[in-house]
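What TrEMBL lists as transmembrane segment is 131-157, 163-181, 225-246, 319-344, 356-375, 387-406.
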Amino acid sequence: MLVITSPQHHLSLALLISRWCPITSHIQEEIPHTKEQHIVTLLCSHFYLFQIQSFIAHGGNFSFQLLTRVKGLFHETICLWSFADLLVGLFIRSILKLRRVPENLCTYSVMIWLLNPFTFTIGTRGNCEPIVCAVILWIIICLMNGNVLQAAFWYGLVVHFRIYPIIYALPIILILDSNFFHSGRKPFLSYWTAGHGKTTQSSTDVTYHCNMQNVLTKIFTRQRVMFGLVSAIVFFSFTGLFFYLYGWAFLHEALLYHLTRTDPRHNFSVYFYHIYLQYENEISVLEKLISFLPQFVVQLVLISCFAQDFPFCFFVQTVAFVAFNKVITAQYFVWFFCLLPLILPWSSMKLKWEGICCFFVWMGAQIHWLMWGYMLEFKGKNVFLQLWMASLVFLAANTLVLIMIIRHHRYSPVFRHLEFESSKNSVKLE
């Protein structure tokens, strides 16, 4: 993939420090318009177009997303990412309103996303994560409205776009149960109540629990088969199209590479130091695959416990997936930040004590790691061991915060049993 930048692009990133700048008239005043700067921009554009032509002539490939960076549409692309960022806020509000969360809680929850410095800086720097987050939230909305076909289409597309949402496949299959989804009928949603934010409830306290046994006994329901087929067709269609265009290079870079990826550069992951030490030696495929085992086990445990409360399940899955991943960068945090507002109305955690404590534990561990990263990267100090220990501290901080969130969460299944609702309605009619 070819990364394209230019001096004016860097200036634009400095100017677009907030999500609203690209979509207001002030941007016209902030972007320079002198003749000399237009000439520099034009020369840079021609230079990078020449680079692309040379790159392709030698057998290289580049992402279609980057075309906008060399055709004078860079600022429009930033507007697209920023619009997706705002769209995520709208979808968060829509999901909470579907479950009848009070207006004040909706507002506070949306603010957690919109005013998060991580999310709007990563989005406005030209990163596609807000689009992925928006699609994932739209899938949740589709499922809550009973639009399984539409959810399947977007799920297949987003997995092609970014591979990590594949972890949501099993909880989605679990909730597509005939007890919740029936042909021609919209599923019944469970609504927020005042007690949800005060007490915690174990997943074993509910009458009906969507577990592995239910899937094994009724695995081939109409909704599950339809979701699986449609999402698979969409995924393989787009993958096949780009495989036809780019060949094995695309398949390796987009999919196969992630199974055996080894990154010797320092990052938040606890695996980086081992990979760094063993980088000159060939790491076996078995060794690379074994590194997925902790992720796999944790994912299965979380899914088996929280699948029915699937927004919360998605959140804890994503936090655990990132924490135990072989490579962790700051943009990965956006993956679970978009899901955090969906679970806050069902949390009994007090902001004044537990909430602030969790925030400072997570941020403190991150800043501690960044200090050693700065010493290594900018000062040239040999602090690899200290940096690895900081990665261990960061993993412990993520685990502690995740446990705190789970302990203070009131388990609230999204869907209600169809038979229970039917019997309740018949009693009302009598």
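Each Cβ is built from the backbone N, Cα and C atoms, and glycine gets one as well.
By number of Cβ pairs under 8 Å, the transmembrane segment (319-344) is matched best by 387-406 from the list 131-157, 163-181, 356-375, 387-406. Residues 80-81, 84, 87-88, 91-92, 94-95, 98-99, 165, 168-169, 172, 175-176, 181, 185-187, 189, 223, 226-235, 238, 310-311, 314, 334-335, 338-339, 342, 414 of the same chain lie 6+ residues outside the transmembrane segment (131-157) yet bring a C-beta within less than 8 angstroms of a C-beta in it. Listed as Cβ neighbours of the transmembrane segment (356-375) (distance under 8 Å, sequence separation of 6 or more from its ends, same chain) are residues 266, 268, 349, 381, 383, 386-387, 390-391, 393-394, 396-398, 400-401, 404-405.
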